[in-house]
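Structure first, then comments.
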Amino acid sequence: MSREEVESLIQEVLEVYPEKARKDRAKHLSPNDPALEQSKKCITSNKKSQPGLMTIRGCAYAGSKGVVWGPIKDMIHISHGPVGCGQSSRAGRGNYYIGTTGVNAFVTMNFTSDFQEKDIVFGGDKKLAKLIDEIETLFPLKKGISVQSECPIGLIGDDIEAVAKKKAAEHETTVVPVRCEGFRGVSQSLGHHIANDAIRDWVLDKRDDDTSFETTPYDVSIIGDYNIGGDAWSSRILLEEMGLRVVATWSGDGTISQMELTPKVKLNLVHCYRSMNYISRHMEEKYGIPLMEYNFFGPTKTAESLRAIAEHFDDSIKAKCEQVIAKYQSEWEAVIAKYRPSLEGKRVMLYVGGLLPRHVIGAYKDLGIELVGTGYGFGHNDDYDRTLKEMGNATLLYDDVTGYEFEEFVKRINPDLIGSGIKEKYIFQKMGIPFRQMHSWDYSGPYHGFDVAIFARNMDMTLNNPCWKKLQAPWEKAEESAEKVAASA
């Protein structure tokens, strides 16, 4: 589509809104301009959603517990409030981990204070204290506790910090209070920030004076990889094959001990910039640890990132980097040769969180799939700054897109594939459009590194599945047949 066509499409879709809402939403929709250095000149982001519009965003609690803290496997994360929030954020993303669930790993379990009406009236501090005591008795191998506040906790003013300090001293364990009530901020993005700040204040400096850990010149951490489908494991294999030592993964398959040791590494490798840039910036300022954003989606971007990482180290690492790329090159070239012919020329629209709308573009390009629209649910303008240059001219950009807008854009652009979240999945599948869930890889994966065969296979089996040709209702077929008979008469 040309720039004029995209601008016309945006105006058509916005016509149904009242004038005030139409003017506000127009700021969040734009054709892409790769020449721009600052995205704020074309699109507005990280603003409060308009009341009455069906936003697809999540809340601060989801950003903290569901994204940052939840995958830390050897801690118990208490969802402090009514039971529903904890249950809805439990085991939904496929954060893989090594350990025995319920013994020394707790990622897929739901620990809740199960707030009731009486707790709202009388407060929940005593209940929280009792819950921590029970955890100490029942789960002796856990290494720490986090308290993830839900909305009622902030509304009634419970002092979870005081409870955390008291119980941490009493049980000689780490107890981290996280003020991530869902009403805070405009999206789950503030939950990421709050979670990062809680790690900074309650965890990160615990081993600053500990000299027992032997460091090497090749120590790195993987930050912002949540090990969905085993992503962090695939990334770790490549980094270790090129001679680096991965000290910590944040937070997929991660531990509290790894987090405490991270200030001792030489380089922080940041995959999901949006959710983990805050703690990475803090470590850069306090400990002098440089951070580097990298992209392990698709073989082209993976090879580029490996070479960029190697530039931070000596010639031995650079040489091993080239050996690693050469080792896997024939494999990924064979995969692309197999799948690209059936995917070439297909078009995809994306709407995800704060990373994937730009990071997966290269993976689709490797397979010959064209991006025709993308947007962030909780991205900031620095995310869009990085996105503009990855996309073609006049590609449709949409920020905090509403359910109505997304459906209308899809109807008019008619993409071959949509990549978004679980809330959108069934709407578009019922419209007969192939869909991939890009928050959990539809419980597949890994997608990171040179495991390109899994990504390619999933796109191929979705796009070229014969079921899409069988979705026409019988009465619609009858109408078509009648029209053909009438036309031939």
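Cβ coordinates come from backbone N, Cα and C, glycine included.
The structure displayed is predicted, hence computed values, not measured ones.
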Discussion item. Can you find which of Cys151, Cys272 Swiss-Prot lists as binding [8Fe-7S] cluster at the same site as Cys59, Cys85?
Written reply: Cys151
Discussion item. Can you give me the same-chain residues 6 or more apart in sequence from Cys151 ([8Fe-7S] cluster binding site) with a CB-CB distance under 8 Å?
Written reply: Tyr61, Gly81, Glu181, Gly182, Phe183
Worksheet, complete the sentence: Expressed in Å to no decimal places, the gap between the Cα atoms of Cys85 ([8Fe-7S] cluster binding site) and His439 ([7Fe-Mo-9S-C-homocitryl] cluster binding site) is 18
Item to complete: Write down the Cα-Cα distance for Cys59 ([8Fe-7S] cluster binding site) and Cys272 ([7Fe-Mo-9S-C-homocitryl] cluster binding site), rounded and given in Å.
Response: 18
Fill in: Whole-number Å value for how far Cys59 ([8Fe-7S] cluster binding site) lies from His439 ([7Fe-Mo-9S-C-homocitryl] cluster binding site) (Cα to Cα)
15
Worksheet item: So, by DSSP, how many helix, strand and coil residues make up the region 'Disordered' (21-44)?
Response: 9 helix, 3 strand, 12 coil
